[in-house]
Amino acid sequence: MNYNIAVIEGDGIGPEIVQASIRVMEAVGVRFGHRFSFQKVLMGGCAYDATGNPLPKETVDTCLASDSVLLGAVGGPKWDTLPGHLRPEAALLGIRKALGLYANLRPAQLFSSLASACPLRADIAEKGIDLIIVRELTGGIYFGERGRRQTKNGEEAYDTEAYSVKEIERIARVAFDLARKRKKSVISIDKANVLESSRLWRETVHATAKEYPDVAVSDMLVDNAAMQLVRNPSQFDVVVTSNMFGDILSDEASMLTGSIGLLSSASLGDGTRGLYEPIHGSAPDIAGKGIANPIATILSGALMLRLSLGLEQEAFAIENAVNSVLAKGLRTADIARTGEDTLTCSQMTDAVIACLA
Ligand code: NAD
């Protein structure tokens, strides 16, 4: 099969880590008989420098015409003083909106060979962590009505959490569909003991669950979930939650796995096309030094193969290769212990490709 992938390298370490992921996908293509055509487009600070716009129309058009999109990271101090709408980060919101991406998936997996990087007690870490948070991305309090007003007690500010049944149903379906590819269980996180929006969330998740009789669903209050993530993270598999709760819990979950350089993410909408990127930023402090960890972006490529292109075996082959490389003790600087030998970004990529064979 032929697949067209739009590629946004972005800024900072973006070009090096994206190149790593492309090389791994090409190697998978050779092994499994697929052809990936990668079309590079500009977005972020580099796009602003070249065109005066951080998200050129041509980039949006190419992404819309692609089977899926791979992104490195955007931003850096060079563009920090630009007005908000010209900043690289504005392009991120713009591309998510243009592609209709309302679900953000963040896997958090603890590789057994990196268990010592987990900040939890060894007896908790050894039970394993392999969960995925499905966060609603385009609704809730981050997009609700907000403002400031004068009251008799002086100035006050407000933000509003609002969710429609339609918004909850579509994110719940993403979680249930994903659960069918994993352990067939979903934990929905809310604050239904206090918030009306959470009560509608809970009702709607359970109503939607009737379409998925093979998937078990349970609820957890967000304060308890924050505690359970450090007390017993192995109980979680697919987690679905609102924009703000997902924002906070996914950072907590990512910390459990050790390094930001290992974690991938996917943003999905109604069709199969998605936007796949590492959770970290453009790391301007190490850009151009060749020492960035490419694993998060390589695993983002694997997620794309599984979730957008339906290539499960191929995705698994990449994840397996990353696991083997880490099990052999090969490390980039961010995950090495003091005194350990380290690999460059391209040496780590070579090692992953060698393990694919
Ligand atoms: P960052 O994630 O870029 O870096 C934080 C720290 O982690 C740095 O010390 C960096 O060197 C290290 N790091 C990150 N990725 C690494 C990797 N793959 N290998 C080894 N070390 C790695 O966060 P920041 O410094 O707060 O942000 C830098 C820029 O990135 C900012 O302009 C920010 O707006 C942008 N950003 C972009 C995205 C995105 O494109 N989705 C996300 C977050 C931040």
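Note that Cβ sites are derived from N, Cα and C of the backbone, with glycine treated the same way.
In TrEMBL this protein carries:
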{"type": "BINDING", "residues": "76-89, 281-293", "note": "NAD(+) binding site"}
{"type": "BINDING", "residues": "ARG96, ARG106, ARG135, ASP223", "note": "substrate binding site"}
{"type": "BINDING", "residues": "ASP223, ASP247, ASP251", "note": "Mg(2+) binding site"}
{"type": "DOMAIN", "residues": "4-352", "note": "domain 'Isopropylmalate dehydrogenase-like'"}
{"type": "SITE", "residues": "TYR142", "note": "site 'Important for catalysis'"}
{"type": "SITE", "residues": "LYS191", "note": "site 'Important for catalysis'"}
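Across ARG96, ARG106, ARG135, ASP223, which the record gives as binding substrate, the greatest C-alpha separation is 29 Å. When Cβ atoms from all protein chains are considered, those within 10 Å of ARG106 (substrate binding site) total 22, not counting its own. Taken as a whole, the domain 'Isopropylmalate dehydrogenase-like' (4-352) shows an average pLDDT of 96 in this prediction.
Cα of ILE291 (NAD(+) binding site) to Cα of ASP247 (Mg(2+) binding site): a distance of 28 Å. Within 10 Å of the C-beta of ALA287 (NAD(+) binding site) we count 18 further C-beta atoms, all protein chains included.
Same-chain residues at least 6 positions away in sequence with a Cβ under 8 Å from that of ASP223 (substrate binding site) are, in sequence order, LYS191. Cβ neighbours within 10 Å of GLY76 (NAD(+) binding site), excluding its own Cβ and spanning all shown chains: 21. Of all the binding-site residues listed here (GLY84, PRO88), it is GLY84 whose C-beta has the fewest other C-beta atoms within 10 angstroms. Screening the binding-site residues GLY76, ASP247, ASP251, ALA283 for a C-beta under 6 A from any atom of ligand 1 leaves GLY76, ALA283. Apart from the site residues ASP223, ASP247, ASP251, the chain places the Cβ of VAL222, ALA226, MET244, PHE245, GLY246, ILE248, LEU249, SER250, GLU252 no farther than 8 Å from the centroid of the site's Cβ atoms, the recorded Mg(2+) location.
Working note on the binding-site residues ALA283, ILE291: by count of other C-beta atoms within 10 Å of each C-beta, ALA283 ranks first. Scoring each of the binding-site residues (ASP80, ASP247, ASP251) by how many neighbouring Cβ atoms lie within 10 Å, the top position goes to ASP247. Residues near TYR142 (site 'Important for catalysis') in space but far in sequence (CB under 8 A, at least 6 apart, same chain), listed by position: ASN243, MET244, ASP247. Cβ crowding, taken as the number of other Cβ atoms within 10 Å, peaks at ARG135 among the recorded positions ARG96, ARG135, LYS191. Between the alpha carbons (Cα) of GLY84 (NAD(+) binding site) and ARG96 (substrate binding site) lies a span of roughly 17 Å.
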